[in-house]
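The next block holds one structure in the form of structure tokens; read it before the comments.
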Amino acid sequence: MVAFEVPEIDYTRYTNRQLAAVPLAVLAVALLIIAGWYAATGVPVNPGLEFTGGAEIRVAVDAPDGQARERIQQAFDPAPETIRGVPSDNTYILTFQTEEVGVSALEEQARAAGFEVQSSYTVSPSFGSRTQLLALGGVAFAFLGMSALVFLMFRTFVPSVAVVISAFSDIVIPVALMNVLDIELTLGTVAALLMIIGYSVDSDILLNNHILRRSGEFYESTHRAMRTGVTMTLTSLAAMTVMTIVATLFGIQLLAAIGTVLVFGLSADLMNTYMLNLSLLRWYKYEGVAN
């Protein structure tokens, strides 16, 4: 069996500003991407079919990819908003965000063009709007509840804020990358963001507890926390990476999107926990308490 040992990092080589600079710079870039996206589109991240309403059809087209996409564009009126190919076969997932044509009419157009309709479903705009409100409200409630619980646990400002800022950055960075990679906000990706909050709180509270509440010198406590926290996060990261690759190869778009968001979130969590959170805790331990 292969043994994994978390290396002991010499944090004394870096000042608190140096440790915090990289995570804060990445967070600033992520916020700029989201702000720019909002200015250009009116939304911070593109909502998926579950939130906007519309129809989705999965069709099989017996033609090379380029020719198949051209035939799909010509076959439908109105043309599909998005066309996503499934790498494992000649299947394409088409989305339509219109109320003018029903899903049955779209199926007829597909069959008339010689396509095999494998599945279809539709979501009304009003239902999608309510679903979006509930989903985003759930994320906000989870984040606020987590923040309140952290403040109740530590009862001191700096350690509590360190956890909250790290968790906030863990969410913002994947959302910005969703815009860059054209991943839509769906119920699946909302669930991934909720999972990221949980992962972030686990690793941050673990670090805070070892440093603030357990015996031992600061760097010794840090390494003890990292042995557990880094192993836990890397294990989850490896599992999500494999899931994302397999889901992409087999055209399971929902799992691929969830896995991608989790990979970005877990990677951000490693950076924020052991650079940003740690720098704030070290300042609090050696300078904040002393003053």
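If you go along the chain as it appears here, the first residue is 1 and each next one adds 1.
Quick reminder: no glycine exception, Cβ is built from N, Cα and C everywhere.
Taken verbatim from TrEMBL:
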| type | residues | note |
| --- | --- | --- |
| TRANSMEM | 19-40 | transmembrane segment |
| DOMAIN | 114-285 | domain 'Protein export membrane protein SecD/SecF C-terminal' |
| TRANSMEM | 133-154 | transmembrane segment |
| TRANSMEM | 161-181 | transmembrane segment |
| TRANSMEM | 187-207 | transmembrane segment |
| TRANSMEM | 228-250 | transmembrane segment |
| TRANSMEM | 256-276 | transmembrane segment |
_Can you tell me which parts of the same chain pack against the transmembrane segment (161-181), counting only residues 6+ beyond its ends and a CB-CB cutoff under 8 A?_
23, 26-27, 29-31, 33-34, 37, 44-46, 139, 143, 146-147, 150, 154, 189, 192-193, 196-197, 199-201, 204-205, 208, 260-261, 264-265, 268-269, 272-273, 276-277, 280-281, 284
*Which sequence positions outside the transmembrane segment (19-40), separated from its termini by at least 6 residues, show Cβ-Cβ distances below 8 Å to it?*
11, 169, 172-173, 175-177, 179-180, 268, 271-272, 275-276, 278-280, 282
_Counting CB pairs under 8 Å, which listed stretch among 133-154, 187-207, 228-250 touches the transmembrane segment (256-276) the most?_
187-207
*asked:* How about long-range neighbours of the transmembrane segment (187-207): same chain, 6 or more residues beyond its ends, C-beta under 8 Å?
replied: 48, 50, 131, 135-136, 138-139, 142-143, 146, 150, 153, 162-163, 166-167, 170-171, 174-175, 178, 222, 225-226, 228-229, 232-233, 236, 254-255, 257-258, 261-262, 265-266, 269, 272-274, 277-278, 281
